[in-house]
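Visitor: Before I ask anything, here is the structure I am working with.
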Amino acid sequence: MTHVVPEIGDQLEKLHLSDKARVSMSSGISSSSMVSDPAGEKHAEETPTPLAQMTACYRQIISHVGEDVNRQGLLKTPERAAKAMLDFTRGYEQNLDELLNEAIFDEDHDEVVIVKDIDMFSLCEHHLVPFMGRVHIAYLPNKRVLGLSKLARVVDMFSKRLQVQERMTKQIATAITEAVQPHGVAVVIEASHMCMVMRGVQKANAMTTTSCMLGEFRDNPKTRDEFLALIRK
């Protein structure tokens with residue numbers, strides 16, 4: 001028989017989160033679960049939400065850098081930072097099928113569609129600092145087209161995650177390919193990374209360009225050159 005030290009057992013019970021008792025991460029309201037006291041009587045005990053736990057972590061971070069978390073200007077900063085982080089990473093909660101619902105149309109159009117200069121903001125997964133820039137997307141339709149605003153929403157879905165630019169470029173191209181099965185897709189991202197600007201080498205003017213070419217844009221130099229020429233205008 002395995003024996004559990006009472007104190008450890010109590011801690012494990014408190015850490016257990018029931019899926020049914022969880023609430024929205026952004027609500028800030030604690031969830032509750034039923035626990036028994038030593039006398040065997042059941043009572044409700046609140047479990048901190050992810051937002052509350054993140055807020056506590058930010059308080060520790062601010063304290064560890066040498067600041068007074070109790071001074072007026074910082075009293076609400078931990079919660080604001082936690083809410084901001086949840087907003088910066090809201091792409092994890094999005095689903096491509098739901099995002100593109102009712103925005104794919106049958107259309108006999110076989111010329112290149114290009115949307116360029118889509119603003120992009122993301123967080124570098126290596127240092128949790130921003131990188132930002134522009135995304136250029138092109139695709140060659142195959143009897144189906146995608147609502148133009150949805151291209152920007154696809155960018156938002158993948159950029160609102162902890163990212164590296166190289167992976168995000170391919171994710172955007174692959175998502176469009178899966179959505180409308182075009183003859184080809186091209187994605188180019190130009191971005192400035194704060195991990196290079198604010199820390200380390202501190203090169204404020206450095207830009208990173210990544211590309212992903214699929215289908216006709218990879219196989220046909222003429223199609224690829226047309227796209228690259230148009231986004232440079």
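Just so you know, glycine gets a Cβ as well, placed from its N, Cα and C.
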Visitor: State the residue range annotated as region 'Disordered' by TrEMBL; the candidates are 28-47, 208-227.
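Guide: Among 28-47, 208-227, the range TrEMBL annotates as region 'Disordered' is 28-47.
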Visitor: State the mean pLDDT for the domain 'GTP cyclohydrolase I' (56-232).
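Guide: Here the predicted model's pLDDT, averaged over the domain 'GTP cyclohydrolase I' (56-232), is 96.
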